[in-house]
């Protein structure tokens, strides 16, 4: 285990640098987005990104201007995964036009669970085509709904094959979100692919201690110091409070506080 993950302050600093600070509440307001943009800049450094609804991307881009130090991530086909390909491509193109740096795409997981792998491949390929470099594509598998280990593995493989830059566990909108079990399967799929693909657990990561468990798992499966903003993100909101508390010298929280 690397030294960073043995010390809470170092683990907190790493978590901060990997954080997609998220507000995907249905009742999110422009004022909350303004606050989110401000919170992404901390006295200890910046988060990797913010993750917001498409309707707020233009506002966030206006706040950040031409500075892409903190990236703007948004969601498409979210959270249901049920939209048609043309609609999702249009969502993606509009979000990029508004200034999004990263697209978090939900796969049509219900079709996938019914045996339709081609629907997943087609959706990812179409959105991948719409995400010209340097826009990143993160593919949300909704592992808490897939449940089955073989399905999670296969969804990971399809996403990687179709050009995902990251594979992400969850929307945060279902009963079961990120789990270490799903993370283990997804990280092994990344390792076995021998491709440069990142991993993003989302939902239920509320403390530095929670985050450290995922970082240790990534280190075990991938390599020491593998986790960096180009390979690993956390989708969370509440964890920032504990990160800042620990970095300020406070005691780490024990209990997760959710998405």
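Glycine is treated like the rest: Cβ placed from N, Cα and C.
For 104 (among others), the entry in Swiss-Prot reads active site, proton donor/acceptor. Close to residue 104 (active site, proton donor/acceptor) in the fold, though at least 6 residues off in sequence, lie 51, 73, 74, 75, 76, 78, 138, 140, 168, 235, each with a CB less than 8 Å from its CB.
Residue 168 (active site, schiff-base intermediate with acetaldehyde) falls within a strand segment according to DSSP. The annotation active site, schiff-base intermediate with acetaldehyde is assigned in Swiss-Prot to 168 on the grounds of sequence analysis.
Sequence annotations record features per position, and here Swiss-Prot assigns active site, proton donor/acceptor to 200 (among others). Around residue 200 (active site, proton donor/acceptor), taking its Cβ as the centre, 27 other Cβ atoms fall within 10 Å, counting all chains.
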